[in-house]
Amino acid sequence: MITLIIFSFLSFLLGIILSFTAYKFRSQEDPIVAIVNELLPQSQCAQCGYSGCYPYAKAIVENSEKINKCIPGGTDLISAISSVLSIEVPEKNLIITHKKQKNNTVLINESNCVGCSKCASFCPVDAIVGAPNFIHTVLQEFCTGCNICLLHCPTNCIEIKKETYEE
């Protein structure tokens, strides 16, 4: 019984020490980075050149990165970020930075699809639909062309067809 009381007291004391340490050494996140991150589409597609939306938001705020690199966000996102950061964006900069737009069409080869649902579970925008053990399909209007589904398909039945055209 005394052992139980001693361990309970030590656990309580250790909990207080840990909570104090966590409070004292907490990291200070820039609130503007959080606001810009909330504006981004959170598709984690890496088309901007960063590994995800949070690193891109951090680069926009801290390193003055261009705000027109997010292809899924489009011109509405550029306007929203410019209003949050109180910067003027000339009309010519409202165009996404890539000279050639890539229109990716994602196709699932139904003869090779085993219905494992790995592609659907990793799709950041839920553009792949289908039930487990059944053939899946891609909703093209929601697909951002991030290629994450390609990495997780065990049968390599997903194909990306890239169409490139001048703006």
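Just so you know, glycine gets a Cβ as well, placed from its N, Cα and C.
Per Swiss-Prot, the feature region 'Hydrophobic' maps to 1-22; the stated evidence is sequence analysis. According to Swiss-Prot, the feature domain '4Fe-4S' maps to 28-87, an assignment based on sequence analysis. Swiss-Prot lists Cys45, Cys48, Cys53, Cys70 with the feature [4Fe-4S] cluster 1 binding site, giving sequence analysis as the kind of evidence. The feature domain '4Fe-4S ferredoxin-type 1' is assigned by Swiss-Prot to 104-133, with sequence analysis given as support. What Swiss-Prot lists as [4Fe-4S] cluster 2 binding site is Cys113, Cys116, Cys119, Cys153, and the listing cites sequence analysis. If you look up Swiss-Prot, you'll see Cys123, Cys143, Cys146, Cys149 marked as [4Fe-4S] cluster 3 binding site, on the strength of sequence analysis. Residues annotated as domain '4Fe-4S ferredoxin-type 2' in Swiss-Prot: 134-163.
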Other same-chain residues whose Cβ falls within 8 Å of the Cβ centroid of Cys113, Cys116, Cys119, Cys153, the recorded [4Fe-4S] cluster 2 site, in sequence order: Ile108, Val114, Gly115, Ser117, Lys118, Ala120, His136, Cys149, His152, Pro154, Thr155, Cys157, Ile158
For the recorded [4Fe-4S] cluster 1 site formed by Cys45, Cys48, Cys53, Cys70, which further same-chain residues have Cβ atoms within 8 Å of the site's Cβ center? Leu40, Pro41, Ser43, Gln44, Ala46, Gln47, Tyr50, Gly52, Tyr56, Lys69, Ile71, Pro72, Gly73
Of the binding-site residues Cys143, Cys146, Cys149, which one has its Cα closest to the Cα of Cys48 ([4Fe-4S] cluster 1 binding site)? Cys146
Within 8 Å of the Cβ centre of Cys123, Cys143, Cys146, Cys149, which other residues of the chain have their Cβ, at the recorded [4Fe-4S] cluster 3 site? Cys45, Val106, Cys119, Phe122, Pro124, Val125, Ala127, Ile128, Val138, Thr144, Gly145, Asn147, Ile148
Can you tell me how many other Cβ atoms are located within 10 Å of the Cβ belonging to Cys48 ([4Fe-4S] cluster 1 binding site)? 24
What is the nearest of the binding-site residues Cys45, Cys53, Cys70, Cys113, Cys153 to Cys146 ([4Fe-4S] cluster 3 binding site), using the Cα of each? Cys45
State the Cα to Cα distance, in Å, between Cys123 ([4Fe-4S] cluster 3 binding site) and Cys70 ([4Fe-4S] cluster 1 binding site), rounded to an integer. 18
Pick out which of the binding-site residues Cys70, Cys116, Cys153 has the most other Cβ atoms within 10 Å of its own Cβ. Cys70
Report, in whole Å, the straight Cα-to-Cα distance of Cys143 ([4Fe-4S] cluster 3 binding site) from Cys53 ([4Fe-4S] cluster 1 binding site). 16
Say you check the Cα of Cys70 ([4Fe-4S] cluster 1 binding site) against those of the binding-site residues Cys113, Cys116, Cys119, Cys143, Cys153; which is nearest? Cys143
Least surrounded among the binding-site residues, given as Cys113, Cys149, when other CB atoms within 10 Å are counted: Cys113
